[in-house]
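Structure first, commentary second.
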Amino acid sequence: YVAAVYEHESILSPNPAALVDRQTALELMGRNLDIYEQQVVAAARQGAQIIVFPEDGIHGFNFTRSSIYPYLDFVLHSHSGKWNPCREPYLFNDTEVLQRLSCMALENKIFLVANLGTKQPCEHADPHCPSDGRYQFNTNVAFNDDGMLVATYRKHNLYFEYAFDSPPEPDYKLFDTPFAGRFGMFTCFDILFFEPAVSLIKQYNLKQIVYPTAWMNQLPLLSAVEFQQAFATAFSVNILAANIHHPTLGMTGSGIYTPVKSFIYHNMESYGGKLIVAEIPVITTAFETNPEKTPSRVSEKGNEQLLPLFYAEMMYDNFTFVPLWEEKGELQVCANTLCCYLNYQKAVATDELYALGVFDGLHTVHGTYYVQACALVKCGGLSFSTCGQEVTDASALIGFQLWGNMSTSYIFPLLLTSGITLDFADHMGWKNSHYFISKNRTSSGLLTAALYGRWYEKD
């Protein structure tokens, strides 16, 4: 099927904390919706059957709970599947944004997924009801090609979003399409947690995901395109991921991903939005990774590894590292219960410092979640203290096998190359209670090759 995602440089309120009236809020959102409309037309012309827009793309961000209120549409979450806002605009007040999105879908005969802020009054008898008497949700909406509202999803894992409430229970939201079967949806930070993302995929055996996001890139392990690709690979799903484009805030990175191929956009240099349209296969059966070439255990004889262990902060976590000083070699490094092993060969000699790092513990900055990671990274310079820094360019072509005795079955294989481009592993999978990833030789300079494990039970 043909899918489209749009990375949108949203027109932002100059002062998001200011209180404005509904009319002023609608004017600002209208300018973003005008751009959406142009992109829907362009995508439909290229044969797209579905288009996905990013999180916060219509209203922007940095609001307070009260300042975002005029920007919120009214949505009855129980109403999806019964209401066509374009054809029946009179049913509810404060639904101007929904009406415009619905009409775009209807007029262009395309499925459309967008993210907006929504409000829902609540009774004080409801124990979860906020003191101002209303819920405010970060909401994804999906419309079918007739403009019908077919699904609404309220973001569960909020990322410092003080304007919004988390729904009392996680939403599991799906919609059906004639061209690719059933889609599930979640938003941004949700991708790092079991609920609802993993739970949704497993419960409904989903193969297609739509994913609006407003992601601030963090190298070396959590760049948007890097993690989106890893998620598609780990769960053997197609992901249509739309990010917003604000390079000054480190926000870029969208794509259409299959488990074996990606169509991505990552651009920190220029401004303006970007439409990606690609034809991808519908995944019908479980995709099998190819575990033929499996690594042999590193020999224990005499423990020849006399390389120095050192510690450095990476992703705000204290990693234990060992350097790659030779042209080729076998390394291991351990922390807590996790041991990481690496066989490597540099195809080209360069004067860059690489290191193999391990972390097994609770990550506590910008969210709390348990990580088990084995990571081969290029360091920022030639001293140990630069390992873990954000690096975007590398020239060493490396062949490697990386494996670890992971305690979780949820492992995201990361493979990022120079210029924030993606590469694909030759083989990956489980062998003798170790998870491994191998690559004969990277297609360009290696930035990160990692196994990013999420041990959800220990969150």
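Each Cβ is built from the backbone N, Cα and C atoms, and glycine gets one as well.
Database features (TrEMBL):
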- GLU55: active site, proton acceptor (ACT_SITE)
- LYS155: active site, proton donor (ACT_SITE)
- CYS188: active site, nucleophile (ACT_SITE)
- 15-282: domain 'CN hydrolase' (DOMAIN)
Other C-beta atoms that fall within 10 angstroms of the C-beta of LYS155 (active site, proton donor): 26
Cβ neighbours of GLU55 (active site, proton acceptor) where a neighbour is any other Cβ within 10 Å: 28
CYS188 (active site, nucleophile) and GLU55 (active site, proton acceptor), distance between Cα atoms, whole Å: 7
Mean predicted confidence [pLDDT] for the domain 'CN hydrolase' (15-282): 97
Protein Cβ atoms within 10 Å of CYS188 (active site, nucleophile), excluding its own: 25
Distance, the residue listed as 'active site, proton donor' to the residue listed as 'active site, nucleophile' (CA atoms, angstrom): 8
